[in-house]
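Below: one structure, written as structure tokens.
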Amino acid sequence: MRELKIFLVVVVFTALVYWGVEPYAHSVMKPHVAPANFDFQQEDLSFANSIVATKQADLELAKAENNESKIEAAQKALDLANEKLQKNQALWDKVSKMDFSKADASKGAEFFSSNCIACHGLEAAGIAPTIPDSSIYGVLPPDLSGAGLLYDEKFLAALIMNPSLALKVDHKFGDAFIMTAYNVDVSGESEEVTDANIINVIAYLKEVAMQHKADLEQKTKAELEARYAKIEGISEEQKAALIEKDMVFAKEKNTFIEACGRCHSMKYDGLVATSNSSDLKGYLGSIPPDLSMMIRSRGEEYLNNFLNNTQKLLPGTAMPRVGLNEASQKEILAYMEKIGDSKKEERESTGLYIMLFFVILSIFAIAWKRSVWSKLH
Amino acid sequence: MAQIRKATGIVDWLDQRLAVHKLLDVLMVKYWIPKQINFLWAMGVILTTLFTVLFITGLLLVMYYKPDTALAFDSVNKTIMQEVEYGWLWRHMHGVAASVIFLIIYIHMLTGIYYGSYKKGREMIWISGMLLFVVFSAEAFSGYMLPWGQMSYWAAQVITNLFGGIPFIGDALVVWIRGDYAVSDPTLTRFFMLHVCLLPIVIIGIIAFHFYSLRIPHVNNEIAEELDFDLEAEKYMSGDTKNSKVIPFWPAFLAKDFMYISLFMIFFFYLVCFKFNFAMDPINFDPADALKTPAHIYPEWYFLWSYEVLRGFFFDIGGIKAFDIGLAAFGIAQVIFFLLPWLDRSDVVKPAHERPLFFIWFWVLLIDLIVLTIYGKLPPTGVNAWVGFAASLVFLLLLLVVLPVITILERKGAKS
């Protein structure tokens, strides 16, 4: 009994130290944020509101201190936060009024070819990119073949109307963002016309993306079948299962390339960012990090929240909010885990076997100890 | 030359040439351990096991590791963790064992303190153990640098910088340790040498000495009873094993330890495969970047208490800079435990619960060490800084003032 009591004391103090240096310390050091929200209107408004609340509290604090210069600075910050909240409200008000069911994809195609192709390629529809590399803008403009399925439609609408605000890079680029806005103020057209154009072009992008997805699936399947046809010694079912698994991986990898691959490399999978790194440095201020080990250094939860709203976790970062819908974001995180933590499955199953081994060994060890000690007591 | 006869078997053949029976008697079969001990006496063997784990996994890792700032990170995170068969297992075992070994070292040390196993003839056991602790700390620090992640780099930056506080030679010393003006490639290469060559050799040497130092004063026991080992051993060998107060190292003591090791390994591999972040900080999976300071820099958990003593003195006192006071306190914290046998002025060897004042002192010290550890990780701002200051002060007072005073009182009380 005494031995058990001592053991409990050791366990309690060890657990206390563990709690202090791990969960507790991290909860203090890591910023607390609301979990990822794929309703971008809600997300942006609640985020802008929370900033206003913080700035308001700062102002009150400064007032309590009665420090003139601090009050002035805090007031300024509060005004800026309010201004941003209003901008967000105005933008999302407009988006929420749009009726995406009335879209006409063929009109969207026309609009695309007269407006968007100056910068964007649409490979799946046979439209080649006009800008071949990153030297002009610092970053390669994206080919939009998959965009209609990768991104949330409301986010795309907001993005077209006010790119820097929707992407949350307005603090860095202001109104001088490389993508020009398309809205009533810029086009001089009526709201009806601009709204219709926007929903039409999004419908068109969706249509193209469906085609793009089907093409990709077909292509990958053909490639994989050809590759597995050469492999002997496994059954047809096993082959089918392996092809199925590789198809999922190819899809996830493709989503990563389309959403992240213009700026980020994935060295451990042989992927190099399609924009030139020195161009990116000039454009963003620093070279975007390689993402090979991000899943281990940041963890899935952080990345999920970060992609959803970059400013929430890294205020001031030049990385835009990606605007991925929930499904495509999951694919990207799955891909990152398959590259950065490729042995996770093996680790967890092997771990159980090793533990089981020691459980069995312990049983024998206890029996041996008893037999030796039976002569000693 | 000894008489060599025709051997009756391999053992006999060896015995005639190497006296293996005599050797086993001395090392194992007639090495007497008190019977009255609890599981805390198994920590030594668990430490030996963990050191063996570290040594073997370390050898496997060295086969693929590349001590070059351009290659180190990828050789660890790509080659070892993903390409080499079971490389992840060796690395996780190495990383987790390095962290857990300190937990066991602390339990081992605190057991020694609680049962008074550091004095009255056992001083050399204590000192060699403390030496092991210090060299292990250097081994852990040099090993932490090798993956060349963000924490590797910045911890190296902060810790090597500390030597700059040493009067007169500080600045030159920092350059000498780094092998360059900043932490860079030569720093990594020399710490690699320390980690895989010099320090392990030193550790093995001190372990041998630590084991040897146990032989003459013998292992302490749960009630700190002074045993006549010769008499008890005779009793044991005459067949009265039940009444003898000693047991042989083999098989009795090791049978018990083997049981504890087996049980411990279940827990160890749970950590290795499912709960490793405490030992392998996520930040260190970001490659080292001299231009990007991490938001929080902190050492591994086992260095936090002394790190907090370093940070605890955060304001200048009497014209002496905060940094210098902190550094001096840190220096004291590093060596003060060596002096424990002489800070304890009482000659009573008894478990702490039979020494009332010492008992209180022990638990206050333990709580203080835990407070230091927890606050050593938190950002040193606001209230945290003051808690750290108070705990650091309490630590120094406990060892430098309170312990001598209460043990002198104890000695005087015992006489009257």
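Each Cβ is built from the backbone N, Cα and C atoms, and glycine gets one as well.
According to TrEMBL, the feature domain 'Cytochrome b/b6 N-terminal region profile' maps to B:10-223.
According to TrEMBL, the domain 'Cytochrome b/b6 C-terminal region profile' annotation covers B:239-416.
According to TrEMBL, the feature transmembrane segment maps to B:39-65 (among others).
Here TrEMBL flags B:96-117 (among others) as transmembrane segment.
What TrEMBL records for B:124-146 (among others) is transmembrane segment.
Residues or ranges marked as transmembrane segment in TrEMBL: B:158-179 (among others). Sequence-remote contacts of a segment are chain residues at least 6 beyond its ends whose Cβ falls under 8 Å from one of its Cβ atoms, and for the transmembrane segment (B:158-179) they are 141, 186-187, 189-190, 297, 299, 310, 323-324, 327, 330.
Marked as transmembrane segment by TrEMBL: B:191-212 (among others). Sequence-remote contacts of a segment are chain residues at least 6 beyond its ends whose Cβ falls under 8 Å from one of its Cβ atoms, and for the transmembrane segment (B:191-212) they are 48, 51, 55, 58, 62, 65, 67, 125, 128-129, 131-132, 135-136, 138-139, 142-143, 145-146, 156.
As annotated by TrEMBL, transmembrane segment applies to B:258-280 (among others). Cβ atoms under 8 Å from those of the transmembrane segment (B:258-280) belong to residues 39, 42, 45-46, 49, 89, 92-93, 95-100, 300-301 of the same chain, restricted to positions at least 6 beyond its ends.
What TrEMBL lists as transmembrane segment is B:301-319 (among others).
The feature transmembrane segment is assigned by TrEMBL to B:325-344 (among others). Note on the transmembrane segment (B:325-344): residues 109, 113, 116, 118-119, 122-123, 126-127, 130, 133-134, 162, 165-166, 305-307, 309-314, 316-317, 358, 392, 395-396, 399-400, 403-404, 407 of its chain, located 6 or more positions outside it, place their CB under 8 angstroms from a CB of the stretch.
The transmembrane segment annotation in TrEMBL covers B:356-375 (among others). Residues 110, 113-114, 301, 304-306, 308-309, 312, 344, 346, 384, 387-388, 391-392, 394-395, 398-399, 402-403, 406-407, 409-410 of the same chain, all 6+ positions outside the transmembrane segment (B:356-375), place their C-beta atoms under 8 angstroms from a C-beta of that stretch.
Under the heading transmembrane segment, TrEMBL lists B:387-409 (among others).
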Per the definition of 3+ C-beta pairs under 8 A with sequence separation of 6 or more, do the transmembrane segment (B:96-117) and the transmembrane segment (B:301-319) touch?
yes
Stretch in B:39-65, B:301-319, B:387-409 most in contact with the transmembrane segment (B:124-146), if contact is a CB pair under 8 A:
B:301-319
Close approaches to the transmembrane segment (B:301-319) from elsewhere in its chain (Cβ under 8 angstroms; 6 or more beyond its ends):
99, 102-103, 105-106, 137, 140-141, 162, 278, 325-327, 329-330, 333-334, 369, 372-377, 380, 385, 388-389, 391-393, 395-396
